[in-house]
Amino acid sequence: MLIVCPNCKKRFNVDPGTPGQPKKLRCSNCRAVFRLVRKGERGEGAPAKLKVVVANESAAFCQAVEKVLASEPFQLYLCTDGKEALETVQRVKPEVLLLDVALPTMFGFEVCERVRQDPALAGVKIVLIASIYDKTRYKRSPNSLYGADDYIEKHHIPDSLVPMIHRLTSGSEPQVQSPTETELAAQEETRSEIRQCEVDETSTVEAAPAEPAAAVQPERSDSAPATAAAPAIAELSPEHVKARRLARIIVSDIVLYNQGKVEQGVREGTFYQLLADDIREGENLYRQRVSQQVRDTTSFLEEAFEEVIAKKRAELSV
């Protein structure tokens, strides 16, 4: 039978062996050891369904994740803002909460911290979802997870989310089952869908070459008000909604990957200086996806940074 190494994706043929007997294999390419388990041989009896809350502003993204989890014994609850996610977790007490860091009404890290403060929710496993789909943007893991048990980047959702949920809820590594070529193709299709969700819901212009990023001004004050007034919420056009969502996504990811610097910067008044490189990168992405007209008449990115700083000041009592 043809199998695919779950580590390096090399394909090779193996003898399936005796039905019902899992066998241990070593990949000839990367030398990873894994177990070959046929579908339908994972044990007798139907397991109780795990309750999983999926929280992301994008309904299309939630549907893509729902498709990834469709074949698993999970009962899903889909939420599109932070307050709804927190209320749902308090009501259903799920085994797992998949939490996007850029949720509206409450940032994902705020929801995470609120859940962790509630003793009745101590058993909930929390997975933070990095908000920006980019396979190469970050070369490091978050240095803190705001009390979450793990995190996942969007491009890993099709192949890594299910094993992660099973590991968190069972306390042990699940048996690795090599994906078929059909399953690999389905994973790539889902990656494309997830990527397209983000582009469709945050871009107000066609993809354009990146502009040189302007240097972050050292004299910028952490308490300075936004320099341009955004349209009233009731007057937001679809382009403005997309731009505001992208701004929140950019800021949320910076906060996720830099908790130590964020807290130090808020305490010392050096937020923009400590995070200058990440902010420049975020500003560059914002320019690529948001039209000049929207950028000239709004200050969504600045407002998103100021919102995070204000929330952190309140949290840290500074």
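Keep in mind that glycine also has a Cβ here, set from the backbone N, Cα and C atoms.
Here's what TrEMBL has on this protein:
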- 170-181: compositional bias 'Polar residues' (COMPBIAS)
- 51-169: domain 'Response regulatory' (DOMAIN)
- D100: 4-aspartylphosphate (MOD_RES)
- 170-228: region 'Disordered' (REGION)
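Mean model confidence of the domain 'Response regulatory' (51-169) amounts to 88 (pLDDT, 0 to 100 scale).
All protein chains shown were included, and the count of other CB atoms within 10 Å of the CB of D100 (4-aspartylphosphate) stands at 28.
Residues in the domain 'Response regulatory' (51-169) partition by DSSP class (helix H, G, I; strand E, B; coil) as 50 helix, 24 strand, 45 coil.
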